[in-house]
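Participant: Starting off with a structure, shown below.
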Ligand code: TYD
Ligand code: MG
């Protein structure tokens, strides 16, 4: 028998290589390969003692199935991200950088659920029970009947949880600190993280408890990232935000029981995470509408309209190759938009540095932001501020055509609610020009081509009138 060779496994994505590599070719991360013994993998034990398969019954697609029951957490923003509450027997993975507030969010969710009389267990593998208790006390949650433990052995945890009344919710903080006897790699490696997650997922399915796994995302790849278990769990949410802003966004990236793309917005306060029911007001707070290069984008995050400001700075470049820097938006989308503006808008940006920023630390993935980004770029280039009461949305195609985007009505309604009275939006079947979708008092400039928007903004730069947007009568 050939000698069993050990494998090198990328701790970021789980790719396997027979030899050590500096850079993972699968995910592009550096210095993430760690040697792991081959026989330690999950299922290795089963493979050794292979037994004959058991015959099981197969079922048809049609049949009696109830919709998944839900347990509301009591935090509306969290329930929005889970698609209407936790599903019993499901596993949710919440990823995020250390210190972003995952433990804070989950202890708050646990306390809210425990107050409703559910059995809730919080297992911390990183902090002592006293530390968790201290935080709960500071957050004013000490009276909630959350059951706490500082444990890292998955077998012990499952034995303990199986002993009493089945908990409604179990929080495992974090999956990277857990270890299982079935794998003999060190804690935090891909093999251990996968093994521990698999055991906990099996427990969730068998017991009907909802299990939340916390996963740290680290840039240096010192510990296996949550990506290696994403495919195994029912739902994945990532907790985002940055140090300079107080608000945090819980973004749904996978959900077997509901829609994805939904976001929950929280604000980190001295008293823990507070829910933000009206994110648009938060993102637009402190806006200086009189500056050139800022356009308000009427966007959608899942089922909720969210208004954000897109800021651009276009300045003549002193460098041979002008700088292009983007925060909160896709850089290749900016390149495309610049090319379209040059080709179809007769705007010269080739000798200009371009900086684009989505205010407030928000990340935009919707193509509908194209028109707002274009407006911000042109506004900065011509040095004219856009009207303060104007919002933009629409996808820009390579031909310069402005294409309709979904939910025009919702976007306009949100803009109207926040005091905006004019919108530049695409024309067309699903576009914003259908009467029923337009709120009263909203002036609409329904355009077909990017050139129309550019001409209006350029007119502003020359001291032109209202930018071609007529105010609706009544
Ligand atoms: P934490 O939940 O421990 O982060 P994670 O579990 O994702 O690593 O949050 C840590 C940060 O949150 C810490 O830097 C302090 C801040 N924080 C507050 O600002 N207010 C609070 O009430 C709490 C509990 C934490
Ligand atoms: Mg934590």
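Note that Cβ sites are derived from N, Cα and C of the backbone, with glycine treated the same way.
Since we're looking at a predicted model, the values are computed, not measured.
Sharing the feature lines straight out of TrEMBL:
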- 96, 97, 98, 99, 100, 101, 102, 103: ATP binding site (BINDING)
- 67-217: domain 'RecA family profile 1' (DOMAIN)
- 353-474: region 'Lon-protease-like' (REGION)
- 254-258: motif 'RadA KNRFG motif' (MOTIF)
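Describe the structural context of each listed feature in the structure shown, including burial, neighbouring residues and relevant distances.
Facilitator: Secondary structure at residue 97 (ATP binding site), as computed by DSSP, is coil. Counted within 10 Å of its Cβ, the other Cβ atoms near residue 97 (ATP binding site) come to 17, all protein chains included.
Using DSSP to sort the residues of the region 'Lon-protease-like' (353-474) gives these counts of helix, strand and coil: 44 helix, 25 strand, 53 coil.
In the predicted structure, the motif 'RadA KNRFG motif' (254-258) carries a mean pLDDT of 87.
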Participant: Within 8 Å of the centroid of the Cβ atoms of 96, 97, 98, 99, 100, 101, 102, 103, which other residues of that chain place their own Cβ, given that this set defines the recorded ATP site?
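Facilitator: So the extra residues in range turn out to be 216, 239.
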Participant: Select, from 96, 98, 99, 100, each of the binding-site residues with a Cβ positioned under 6 A from at least one atom of ligand 2; if none does, say none.
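Facilitator: From 96, 98, 99, 100, counting a Cβ under 6 Å from ligand 2 as near, there are none.
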Participant: Return the residues near residue 100 (ATP binding site) by Cβ distance under 8 Å, restricted to its own chain and a separation of at least 6 in sequence.
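Facilitator: Sequence-distant Cβ neighbours: 239, 240, 241, 248.
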Participant: Highest CB neighbour count within 10 A among the binding-site residues 96, 98, 99, 101?
Facilitator: 96
Participant: Between 102, 103, which of the binding-site residues has the fewest other CB atoms within 10 angstroms in the structure shown?
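Facilitator: So among 102, 103, the binding-site residues given, the one with the fewest Cβ atoms within 10 Å is 103.
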